[in-house]
């Protein structure tokens, strides 16, 4: 292509660039759902385009979520496109893992590599013919040219730019080379790239739906490569061709892609495609305000899934990283989010990932599950670790109901149940906190309790459940002239071995049921009522009293 032909094309590109690529939107337009969110009268089509080179990062998951919510809230299409042009790092296993994680989150897509669609293929590695077709169009129009510069020549240009303290833009001769010079190199078989001609003057502006007006000076860019010498297309060229030919109306992505928008806008213009609207969301930050990375702990969706987090909790928490509905409400189902999500409420400042808040959020969603699902989750967890041996007795149901308020992660249910079934009487009676309980004639309560158990009275009451317990404890209190805290605190310590915990009546009834049903495995640390009363009978109360006054050694035998 002769240089004179290109210069005419370049001049036309420069003159028409700003009004064609970036129609100015008023502040009012940016704030309204109709113009800013809908992108005009065409259908809403958004995409999430992961690279299958690793696990799905929470940042990528949030980007996918925002795209999903935007599409679903406007009756649009959510497209999944796999950007696998990095052939060395891309793997099928990683692609499958990303798709699995998206499905686990409940982010179903309308078009994608697994289900197809009208605008496929949906893997970049399968779209090379399309990229070559559009690269040829740019070559024929004069928007790109062949560059025969070697790596050594390009490196020298960078060194020169550094010495001159100017942006390292392309300064080679091939932008203005004659047809004869180009033909000579082609005949020699010299490798070449395709470079895009960038206007040397002017600026480019876009109105980002989140960040507002963003502009770049074109003289800082320089001519850039769109096709490598091995025929592989470059990222920005692929993305532009893909978004244009897939008719993407809105590009919602991370702010780290904002610099790419300049190159992509130029390619859109040169190919004659309409520009989508752009929305660049903030990065997710670590508590120290640095970019969230593996050194800060778990960062992938798969890791949180393995740790026992619920998908609905992950979705809820990720949505709140940079978005809110303007109220104090923090609990949202995915249907709530679809109903309330608007792009104008996405914050442009960085959002801090708080693992503690995520765990709290998971607890909220765990406890909001229908009772049958909640119980099944607990039961499945206990069975998977071998703690629960059977569930016919109703033990799992009662244990789940008793423990759910203190559990935020289902994987914590193991430790919670083991703690509930344990009997650390030795540690409790030896503690400073128990001193007042011991001094309140605890030995007398223990003596009466042992008598009630040996006679079968207590066992019968527990077998009758809560009604039986209430009758028995009322009678026991009258006999020993105790009520309120002076009755229930000693009973809690003597029967559970603890000063604090879930409701005492439910705890003791559950311990009784565990002993009679054989519901739990020995490795749970379960101490039966029989074993508890054996320990109680061996307590040397006189020695314990002295120990409280001057601690030397334990007066309470440890549970075996």
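Just so you know, glycine gets a Cβ as well, placed from its N, Cα and C.
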* Which of 72, 74, 253 shares the L-glutamate site with 47, 48, 49, 83, 235, 236, 237, 238, 239 per Swiss-Prot? -> 253
* ATP binding, same site as 57, 291, 292, 293, 294, 295 - Swiss-Prot member from 256, 328, 330 -> 256
* 17-27, 28-38, 50-60, 61-71 - the one Swiss-Prot records as motif ''HIGH' region' -> 50-60
* Of all the Cα pairs drawn from 47, 48, 49, 83, 235, 236, 237, 238, 239, 253, the residues the record ties to L-glutamate, which distance is largest, in Å? -> 17
* Reported as an integer number of Å, what is the Cα distance between residue 292 (ATP binding site) and residue 235 (L-glutamate binding site)? -> 24
* Structure fact -> One should report the C-alpha separation between residue 295 (ATP binding site) and residue 49 (L-glutamate binding site), rounded to whole angstrom, as 25
* So how many of the residues in the motif ''KMSKS' region' (291-295) end up helix, strand or coil by DSSP? -> 2 helix, 1 strand, 2 coil
* **Separation of alpha carbons, residue 57 (ATP binding site) and residue 49 (L-glutamate binding site) (Å)** => 13
* **For the motif ''HIGH' region' (50-60), residues assigned helix / strand / coil by DSSP** => 3 helix, 1 strand, 7 coil
